[in-house]
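Here is what Swiss-Prot says about this protein:
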type	residues	note
MOD_RES	M1	N-acetylmethionine
BINDING	D28, D106	Mn(2+) 1 binding site
BINDING	D30, D106, D179	Mn(2+) 2 binding site
REGION	393-420	region 'Essential for homodimerization'
REGION	395-421	region 'Disordered'
MOD_RES	S399	phosphoserine
MOD_RES	T410	phosphothreonine
MOD_RES	S414	phosphoserine
Amino acid sequence: MEDYLQGCRAALQESRPLHVVLGNEACDLDSTVSALALAFYLAKTTEAEEVFVPVLNIKRSELPLRGDIVFFLQKVHIPESILIFRDEIDLHALYQAGQLTLILVDHHILSKSDTALEEAVAEVLDHRPIEPKHCPPCHVSVELVGSCATLVTERILQGAPEILDRQTAALLHGTIILDCVNMDLKIGKATPKDSKYVEKLEALFPDLPKRNDIFDSLQKAKFDVSGLTTEQMLRKDQKTIYRQGVKVAISAIYMDLEAFLQRSNLLADLHAFCQAHSYDVLVAMTIFFNTHNEPVRQLAIFCPHVALQTTICEVLERSHSPPLKLTPASSTHPNLHAYLQGNTQVSRKKLLPLLQEALSAYFDSMKIPSGQPETADVSREQVDKELDRASNSLISGLSQDEEDPPLPPTPMNSLVDECPLDQGLPKLSAEAVFEKCSQISLSQSTTASLSKK
């Protein structure tokens, strides 16, 4: 694999047609390994004059945000320097020159910025339900399994098992295990095909790491934020909502809030992050397990606009549907309110509707019609000043006894919050894995308590 990837970088220097195997924009471990392994297979089994190049669909600078990928590449001795990232190859220029053929792996819909490349797509290999209206008119291979790496493994072992080396096998093996949550039947992510090909890889390469060991190490690396800057931590697992000119970032942070608040230059970093990305509010939701292996969630609301911050805190504190059970935590930082979240079952997905409601309350208090677009003749600065002037009337307009009506949830990949059969087998985000483990932990504690009685 390593020698092949070295050759791919050399091929970029030549003016010749390329077959680009492109992973999805999330660029998680499954997408990355599937692109690398599929391109490797195609290169080894296709006529010599055709060049197959795997491309990671992110900028190189974003790789440190994906700790599991960085860790795994180091473990199997593949240098990051020989990988090809999206900002290192001009796909649109290649297409215009008639030198691009695309193979999409772990997705089947091009991003809006890449829709012009649709005619270049020759093949799709994915493991999620097809959206026919958006799928390119090409050969499409889709099967609802837990990991796309399973489908790549199947193709290699059925088509050319002799090309599979230990390095590639280790990448595929670890990826399937991480994606399928260590093949845990309680989680329900792994399918019989996932299990079948993990077993086949283990039979071919008996010295592969034990499942528990590779899962634990990859999971630890995925959640590890110790080497990240504050901005990288905030961007690692982030969602954004936007309403009437106000942008709110919601970041999942996998460490104790107290430790996060003690980071040097934190306040300056938060200000810089919000300013750089035009965020009016930053909500940090910390997630970790304590020494008793119990889930802990905490919240921090950072917002320079006093009225807006107050409204958000009011709505979250008095929420009954769902109840967050917030307890104020100490914070010496101005513009930042911190809380311990007593109800650990409220995930970020369930928090999003409450934030939407808080924005509605904010605008309603100023008599701004819901859904009214920003006026072209009023500057953003003028709007911000008017919002701040309305702070007094805002607080008096909120009823402490009024129950917050739940809004339709923002769609997210979560095996816990939605039926896994609704949209096929979903990707498990770090948030979803934490949530599922929390429920299992809570269930086990309840069962143990009842048995004692």
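Including glycine, each Cβ sits where the backbone N, Cα and C put it.
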Per-residue pLDDT averaged over the region 'Essential for homodimerization' (393-420), given as an integer: 30
C-alpha spacing of D28 (Mn(2+) 1 binding site) relative to D179 (Mn(2+) 2 binding site), in angstrom: 10
Per-residue Cβ crowding (10 Å cut-off), top of binding-site residues D28, D179: D179
All-chain count of other Cβ atoms within 10 Å of D30 (Mn(2+) 2 binding site): 25
